[in-house]
Amino acid sequence: MQSLKRWVRLLTNGSEETRVRATWRSLIPLGVGFGIQLLALAGLASTIRTLFEVAEFGPELRQMINLGLLGLVSAIGLLCAVVVARRLDERTLSGYGLGVSRIDRLDLLAGTVIGGLTYAVPTGVFLFTGDAELKRTLVSPVSAPRVVAVLAVAAIVTFGFQVTFEEFVFRSAMLTNFAEGLTARDVSDEAAVGAALLLSSLLFGVMHVVRQGGGGVEGRSVQIVLTSALLGLLWGGAYVLTGRLSVAVGLHFGHNVWAAVVLQPTGVTPTPPALGQVAYTASLYELTIGKVVVGAACLLTWVYLTRGELAIESDIAHWRAKSSGVAS
């Protein structure tokens, strides 16, 4: 019996240590968190349809329900992913780069501003060159000002949970554990972190095909993978340069909020209230490259000003179990 237990541990852990293999520590939080989101969304939507005549709901209520459900399942998925990751990883929250210190708060704020700029600057350039067109202003599925305000706040909160989930599973859990697994195979810290950044960003792109659905126009799936992976490199790069998740969350959050409630690209669903709507004739590749260039320039400037240097946080490639749960 003891030999059987030892064999199972070697299969799942790769050694006789208590943690499972880095591969499983990297992928399981994403699988569990995303799977629970899908199940929760299906279950809640089915319950609402069973209890109420959804066809009789007005556009305001339907929009609130859509945003509310998305925010709720994102929060549930985030909680489950964190619990599962910590269980597998035996790591505290601070070991994942999570904290509430002054620099974390400043990083989150700066990241949010930079995230907005990654969309705003290329959009401004394309509007000037004629590669984008402002279609209309004050976009909203409803007209009542109070309802518009509620929907806008709901959209912002929803995106907050959504991007925090994605940044945690792809950067804190996946990138970190991929890097640890590579260093355990005698890869240098910097090379391990760089390879982990590339691989986690590629999987980030693949996940967006699953979430958004592939097919349609020829090449759409490849386009989604590549453009999402490029943004993943930017946001993951923030984590790699700082060892903290706050800048990455801010970059992702600011980017998504801009596209949701400031200048909304045509075709966005669901459609929360926005200050305007823009149609791009520039390709998604051109827009994404513009975002990455602007974001990288601003990010590198911020990191240098606050850290005094630009260097990979090689500690990411090593297990960081600490006594406290969240840095303060």
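Every residue gets a Cβ built from N, Cα and C, even glycine.
Just so it is clear, the model here is predicted, and its values are computed rather than measured.
The annotation transmembrane segment is assigned in TrEMBL to 27-52 (among others). Residues of the same chain lying 6 or more positions beyond the ends of the transmembrane segment (27-52) and with a Cβ under 8 Å from any Cβ of it are 65, 69-70, 72-74, 76-78, 80-82, 84-85, 88, 165, 168-170, 173-174, 203, 207.
Annotation comment: TrEMBL describes 64-85 (among others) as transmembrane segment. Using a Cβ-Cβ cut-off under 8 Å and counting only residues 6 or more beyond its ends in the same chain, the transmembrane segment (64-85) has close neighbours at 25, 28-30, 32-34, 36-37, 40-41, 44-45, 48, 57, 91, 93, 96, 150-151, 154-155, 157-158, 161-162, 164-165, 168-169, 172-173, 270, 272.
Panel annotation: around the transmembrane segment (106-128), residues 134, 234, 238, 242, 244, 246-259, 262-263, 278, 280-282, 287, 290-292, 294-295, 298-299, 302, 306 of the same chain, lying at least six beyond its termini, place a Cβ under 8 Å from a Cβ of the stretch. If you look up TrEMBL, you'll see 106-128 (among others) marked as transmembrane segment.
Positions annotated as transmembrane segment by TrEMBL: 148-170 (among others).
Taken from TrEMBL, the feature domain 'CAAX prenyl protease 2/Lysostaphin resistance protein A-like' covers 152-257.
Look at TrEMBL and you will find 191-210 (among others) tagged as transmembrane segment.
Residues or ranges marked as transmembrane segment in TrEMBL: 222-241 (among others).
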Summarise the domain 'CAAX prenyl protease 2/Lysostaphin resistance protein A-like' (152-257) as counts of helix, strand and coil residues per DSSP. 91 helix, 0 strand, 15 coil
